[in-house]
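Visitor: Quick one: structure below, then a few questions.
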Amino acid sequence: MPKLAVVLLVLLILPLSYFDAAGGQAVQGDWRGNRLARDLQRGGRDDESECIINTRDSPWGRCCRTRMCGSMCCPRNGCTCVYHWRRGHGCSCPG
């Protein structure tokens with residue numbers, strides 16, 4: 001097989017790894033593993049999450065299963081986001 005044919009064959013097969021067996025697009029995630037995206041892909045779409053849609057210099061957003069506070073997620077449900085002068089945003093959790 002000539003080199004060009006092999007390259008074209010690889011380029012045709014390579015995109016198939018981005019799709020799962022059911023024919024939908026597989027979640028690729030980032031290097032830490034994007035658990036929330038995988039959960040949403042599996043059908044937890046009715047879970048409401050707070051999200052930052054765009055992050056600087058990145059096409060990815062960030063979603064929280066709890067409250068979104070500044071650029072972070074609060075550790076559990078029931079927290080409120082407060083602003084501390086000179087320290088920025090932080091979560092205030094009961095108990």
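Glycine is no exception: its Cβ is also placed from the backbone N, Cα and C atoms.
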Visitor: In Swiss-Prot, C79 is disulphide-linked to which residue out of C64, C69, C73, C93?
Guide: C93
Visitor: When you check Swiss-Prot, which of C51, C91 turns out to share a disulphide bond with C74?
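Guide: Of the candidates C51, C91, the one Swiss-Prot pairs with C74 is C91.
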Visitor: Quick one: which of P15, P59 has 4-hydroxyproline in Swiss-Prot?
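Guide: My reading of Swiss-Prot gives P59.
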Visitor: For C91 (disulfide bond), which residues in the same chain are close in space, meaning a Cβ under 8 Å from its Cβ, but six or more apart along the sequence?
Guide: R67, C69, M72, C74, P75, C79, T80, C81, V82
Visitor: If we check Cα distances from C73 (disulfide bond), which of the recorded positions E50, C93, P94 wins as closest?
Guide: E50
Visitor: For P94 (proline amide), which residues in the same chain are close in space, meaning a Cβ under 8 Å from its Cβ, but six or more apart along the sequence?
Guide: G78, C79
Visitor: How many Å separate the Cα atoms of C93 (disulfide bond) and C64 (disulfide bond)?
Guide: 15
Visitor: Write down the Cα-Cα distance for C64 (disulfide bond) and E50 (4-carboxyglutamate), rounded and given in Å.
Guide: 5
